[in-house]
Amino acid sequence: MGLGKGKDEYKLAATSEDGGKKDKKAKAKKDMDDLKKEVDLDDHKLTLDELHRKYGTDLTRGLSSSRAKEILARDGPNALTPPPTTPEWVKFCKQLFGGFSMLLWIGAILCFLAYGIQAASEDEPANDNLYLGIVLSAVVIITGCFSYYQEAKSSKIMESFKNLVPRQALGIRDGEKKNINAEEVVLGDLVEVKGGDRIPADLRIISAHGCKVDNSSLTGESEPQTRSPDFSNENPLETRNISFFSTNCIEGTARGIVINTEDRTVMGRIATLASSLEGGKTPIAIEIEHFIHIITGVAVFLGVSFFILSLILGYNWLEAVIFLIGIIVANVPEGLLATVTVCLTLTAKRMAKKNCLVKNLEAVETLGSTSTICSDKTGTLTQNRMTVAHMWFDNQIHEADTTENQSGTSFDRSSATWANLSRIAGLCNRAVFLADQSNIPILKRDVAGDASEAALLKCIELCCGSVNEMREKYPKIAEIPFNSTNKYQLSIHKNTTPGETKHLLVMKGAPERILDRCNSIVLQGKVQALDDEMKDAFQNAYVELGGLGERVLGFCHYHLPDDEFPEGFAFDTDEVNFPTENLCFVGLMAMIDPPRAAVPDAVGKCRSAGIKVIMVTGDHPITAKAIAKGVGIISEGNETVEDIAARLNVPVSEVNPRDAKACVVHGSELKDMTSEELDDLLKHHTEIVFARTSPQQKLIIVEGCQRQGAIVAVTGDGVNDSPALKKADIGVAMGIAGSDVSKQAADMILLDDNFASIVTGVEEGRLIFDNLKKSIAYTLTSNIPEISPFLLFIIANIPLPLGTVTILCIDLGTDMVPAISLAYEKAESDIMKRQPRNPKTDKLVNERLISIAYGQIGMMQATAGFFTYFVILAENGFLPMDLIGVRVLWDDKYVNDLEDSYGQQWTYERRKIVEYSCHTAFFASIVIVQWADLIICKTRRNSIVQQGMTNRILIFGLFEETALAAFLSYCPGMDVALRMYPMKPLWWFCAFPYSLLIFLYDEARRYILRRNPGGWVEKETYY
């Protein structure tokens, strides 16, 4: 989609009715590909005459009002198109019917169906299935509301773009200046902007006076950019004669012609790109889907098997259908949906305390799966404040303190040359501290002025005391501000220092320009002639500091002779009447936006965690490379192609790119790369820096990483980052410096803008994945002792050992707090020392977990329950062998003389009291064996002795489930409400040996696992 080609080319071809969905899909893909292309704009290359012909605009009088109206009618208002939004009710329904909820809904529907069948075929149907259906529905609705509340976020991306649109613009129509509503600005309009204005559309500058714009939201460059009518670069994003919609004019004035409006502006394209990107499923959503498939598979397999078996055993088909439904429902872990949601919420809260605000619960785990981080440079890896890093004076480079708390090195300040240099930096400087900040640390104070001048001001204030007092001592008489032609700034001050002349001229600017204006230099406080040796020394220092990616400024002064410039002399800065040549060079000062203190350590942690960190920035390659080396993205000893060429003293073209582990890629190189070349680059280089990238390229880089199978996290703060943030598996925006747009596009916000907080997030994400596995293993284990009574009831025709209501008391009662308590479990080992999990092989729930939970521990638990059941019935006279086949008579309410093993007769009422006592005891047995299960689930590899019992919530969970079980058993009225009967104290102890057996069995399994890593036991049982 080329820009600046006139409206009609953008009219979308109407798709014919029968073209159908294929055409629409193909068209959407084509539009998307067009948006991803670089800005195609040639207006910056046109002369003023050509512009006049193209847009029909009079370059002094502007458009006529009637012509402007025509264009407005043709093109529509200068406003961004809002994206299609998802209604809130649809979002709510997604929470209610998405993923795991669907399984529970199916369970609920089957329960109602079973109850319906029973109600139709029996006189007095049992209400168990009805209760179960109601409870399942309630669980889904409550959890859905909770999740919706947690994620009540709408895709407000475009709304925040609306905040970028300036309300009013100063246009020139019919030769008159008029305030026009920004939405009415049209193609070809002549517009004026001044300092403080927001640019109303993409403009081609035709005249400017000291105009600087802040393009940081668009390109990521923190330095203000000069704007003038000069065509300075082939790239429209870097040329001086174009200013972009919604960027800010900081100072000066400019006049320009509107070359693009609304969605066709560069910012509009980014907006459209961000809002039309589809985010994929989160890794945890994929895991839960996989888990549902496993559980459903097991449930349907068991259900169908026993359905067929019950028909073979002679049950009628209605009974068989009820059994089928019962088995499928019994397999559904009712409490797991709530457990997973609560676990993720707890982690989200824990992350918020560590400055990571999670907008989307599932993103909590995504960060833990991350294998590649594409990080922005400015403000994320760096402090987002220009700081003086080095000075060169007395023919020596001195290092300044760039740390955030001024705990670094300090340089020798005793030299008279430093006194001269600091005086120039303080006086030839228009930056000032804002009022009432005397009690705020110098580095944290707000400054009015540009970033470089603010850096100099803070440096001098730190090193030499109050700059204000210095300026009062040397009052300013005249000044020539910095401009792009001269490349210097100059001011003249009254000088009250004894032994010096009455006027002092100070100048700063581009080092080579300043040196050209000097014929002497200050060394150790003494003036010497500027010879070739000193010029070479200057050149070496300049190259060295420039090579560190620093912005270097030169400083010089001149004591104006009193005989020519007496007190009261009228200095004229237009017709310059004072010397600007043959001055005295004093030194250099170099500034950089320094890395944050915690970042190198964080990057190191990422590396040991197997996470690749890629820097993607709009800044210059040299600066980007310097910061990348400073923070360890390019590690010590790793060379780029350019480094190898320099070391071997050969041309870059002769070096094999595969020999270089690191590489710095310029946006212009990336522009010419095919997808295959980009894939090759990402595959074969471990350390990569992309510099001078455009927003579209950021998106292409993210897609490239995803093609490699990486789970990608992207950090960003500008509007330019929003497409990449949206496309990434997890977008991380900056809370302080971030634009509204980037925060809306992201899944997570760093409240302190610090890259190190991401590493904390990765750690929490990995931990919650491990702990969710433990939680699920714990919850699923009790499924077997819950299902097996039902299966034996069908096959062996014994009285039902465990009722539906009792199962609910386990799943939604006693098991809930212990399962959630596992979310608080600490890591077993250093989780940041292992590789990121492979989403294809390392699943949340795998066959081994099912085998342990169902096949091993679950079976032991079921045995414990049946042991208790048979003990109680035997105590009451029914020996195990006599129970087989007794079910039909047992459940017949008209049989009141059923004989036990000793010939005693039992009425229906008395039999049922014994049966319900068995249900209660079976329930208590499950609680007791779940003690051991909870303790063994604390760890997947370590011994419990190593892991310790420091998780207080888990200990509380053990007491809570026991207390709840006792309450349900002994509370008066429970026999009526839940059919729970008081138990003899001895019955509690039936399951104790099994609980101990489970504990010892799993300790032995983990001991073998630790002794033989990679052995048979690990392959078969390590989940």
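Each residue, glycine too, has its Cβ placed from N, Cα and C.
Residues annotated as active site, 4-aspartylphosphate intermediate in Swiss-Prot, with similarity to another entry given as evidence: Asp376. In the structure as shown, the Cβ atom of Asp376 (active site, 4-aspartylphosphate intermediate) sits within 10 Å of 32 other Cβ atoms.
When secondary structure is read from DSSP and collapsed to three states, Lys487 (ATP binding site) falls in the coil class. Swiss-Prot lists Lys487 with the feature ATP binding site.
Under the heading Mg(2+) binding site, Swiss-Prot lists Asp717, Asp721. Neighbour list (Asp717 (Mg(2+) binding site), Cβ cut-off 8 Å, at least 6 residues apart, same chain): Asp376, Thr378, Gly379, Thr380, Ala733, Met734, Ala737, Gly738, Ser739, Ser742, Asp753.
Residues annotated as compositional bias 'Basic and acidic residues' in Swiss-Prot: 1-11.
Annotation comment: Swiss-Prot describes Ser16 (among others) as phosphoserine.
The phosphoserine annotation in Swiss-Prot covers Ser943 (among others). Within 10 Å of the Cβ of Ser943 (phosphoserine) there are 12 other Cβ atoms, across all protein chains.
Per Swiss-Prot, region 'Disordered' is recorded for 1-33 (among others).
Under the heading region 'Disordered', Swiss-Prot lists 216-237 (among others). Distant neighbours of the region 'Disordered' (216-237): 39, 41-45, 164, 205-208, 243-244, 246-247, 249-252, 254, 266-267, 270, 376-379, 384, 386, 450-452, 484, 551, 593, 617-619, 668, 694-695, 718-721, 739; these residues of the same chain sit at least 6 beyond its ends, with a Cβ under 8 Å from one of its Cβ atoms.
The average pLDDT for the topological domain 'Extracellular' (109-131) in the predicted structure is 83. Taken from Swiss-Prot, the feature topological domain 'Extracellular' covers 109-131 (among others).
Look at Swiss-Prot and you will find 309-320 (among others) tagged as topological domain 'Extracellular', backed by sequence analysis. For the topological domain 'Extracellular' (309-320), the DSSP counts in helix, strand and coil order read 8 helix, 0 strand, 4 coil.
Among the features that Swiss-Prot reports, topological domain 'Extracellular' is placed at 793-802 (among others).
Helix, strand and coil content of the topological domain 'Extracellular' (867-918), in residues and according to DSSP, is 28 helix, 4 strand, 20 coil. Marked as topological domain 'Extracellular' by Swiss-Prot: 867-918 (among others).
The topological domain 'Extracellular' feature in Swiss-Prot is assigned to 971-985 (among others).
What Swiss-Prot lists as transmembrane segment is 88-108 (among others).
Long-range Cβ contacts of the transmembrane segment (132-152) within its own chain (Cβ-Cβ under 8 Å, at least 6 residues beyond either end) map to 91-92, 95-96, 101, 104-105, 107-109, 111-112, 115, 329, 332, 334-335, 337-338, 341, 345, 348, 359-361, 804, 808, 812. The transmembrane segment annotation in Swiss-Prot covers 132-152 (among others) and rests on sequence analysis.
Feature annotation from Swiss-Prot assigns transmembrane segment to 289-308 (among others).
Broken down with DSSP, the region 'Disordered' (216-237) shows 4 helix, 3 strand, 15 coil. Contact between the transmembrane segment (88-108) and the transmembrane segment (321-338) is supported: at least 3 Cβ pairs lie under 8 Å, counting only residues 6 or more apart in sequence. With a cut-off of 8 Å on Cβ pairs spaced 6 or more residues apart, the transmembrane segment (844-866) and the transmembrane segment (952-970) reach fewer than 3 such pairs and are scored as not touching.
Across the candidate stretches 289-308, 773-792, 952-970, 986-1006, the maximum count of CB pairs under 8 A to the transmembrane segment (321-338) is reached by 289-308.
Summarised by DSSP class, the composition of the topological domain 'Extracellular' (109-131) is 17 helix, 0 strand, 6 coil. In the three-state DSSP scheme, Asp721 (Mg(2+) binding site) is classed as helix. Here the Cα atom of Asp721 (Mg(2+) binding site) is found 46 Å from that of Ser943 (phosphoserine).
Note: the topological domain 'Extracellular' (793-802) comprises 3 helix, 0 strand, 7 coil (DSSP; helix = H, G, I, strand = E, B).
Count of Cβ pairs under 8 Å against the transmembrane segment (803-823): among 289-308, 773-792, 919-938, 952-970, 986-1006, the largest is for 952-970. For the pair formed by Lys487 (ATP binding site) and Ser943 (phosphoserine), distance between Cα atoms is given as 70 Å, rounded to the nearest Å.
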